[in-house]
């Protein structure tokens, strides 16, 4: 089926995120705006205006009431999803790289970049305490002096955050004390993206070392590895099938010297159990920066360096075959 093309950004897409029901799709890019779309037909519902720098991350809470964005303008902002009104502005010393609501929607976390003489921090705010927002004081701020956090997700029950770092490490930070509960290093280059499974029991990492890896959310046990010949920018786990989708390509600065055919700009499907690739979907004119499965598993979206978001519908049962072990 022909994909739905969403044209609402002027620069490359940095992250896309579905809400829990899957009727809305949020997209952010390097052009200062955050957009929200109807996922069924690609109609733009609205825009969250206020940032003055590239927007790196977006998240939506469980009941789609609030939206969280983090930007290179040294701020993390909370928005009313329905009206687009800005509810809170949290200023930081450096760019906000990754952000997220916990399962309850009461606690937010975001990480800041290591730049301009400031080190990387992982900050936790409790939205039930207006004083924290007013004073811009998180109840917990964890310094990460060695290597900055490049992607982070909440674990089950909101007890900890699993964070990927620029050196390939994954650290599990307690949301109560800030201490590192567990630490592993399965990648040898930067982790570009982390996404959880629908039940939060697993997460998948995408790395510059040309692999995506599947881990247990709580124990951080390494389960599977999916290998490609190019850096992986993003990976997502299907909510209904044993499939993962990955997007990538080479570095953005090398794109102009490569034709689209050689550039490997396809979304790639792998079997989650057998680690074998079984499908590719073309479309983008540059590297894919982010991918996300619809919560019903019957479509997925991808955002590219070309500034487009594409929604691809497919029938998952066509992919329901057992590869020979």
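Including glycine, each Cβ sits where the backbone N, Cα and C put it.
Just so it is clear, the model here is predicted, and its values are computed rather than measured.
Features reported for this protein in TrEMBL:
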type   : residues : note
REPEAT : 6-47     : repeat 'WD'
REPEAT : 48-89    : repeat 'WD'
REPEAT : 184-225  : repeat 'WD'
REPEAT : 281-311  : repeat 'WD'
Worksheet item: In the predicted model, what is the mean pLDDT computed over the repeat 'WD' (184-225)?
Response: 94
Worksheet, complete the sentence: Same-chain residues at least 6 beyond the ends of the repeat 'WD' (281-311) with CB under 8 Å of its CB atoms are 3-18, 20-22, 25, 27, 29, 31, 37, 39, 42, 193, 195, 198, 233-241, 245-252, 255, 260, 263, 265-267, 269
Item to complete: Write out how many residues of the repeat 'WD' (48-89) are helix, how many strand and how many coil, based on DSSP.
Response: 0 helix, 23 strand, 19 coil
Item to complete: May I have the DSSP-based helix, strand and coil counts for the residues of the repeat 'WD' (281-311)?
Response: 0 helix, 16 strand, 15 coil
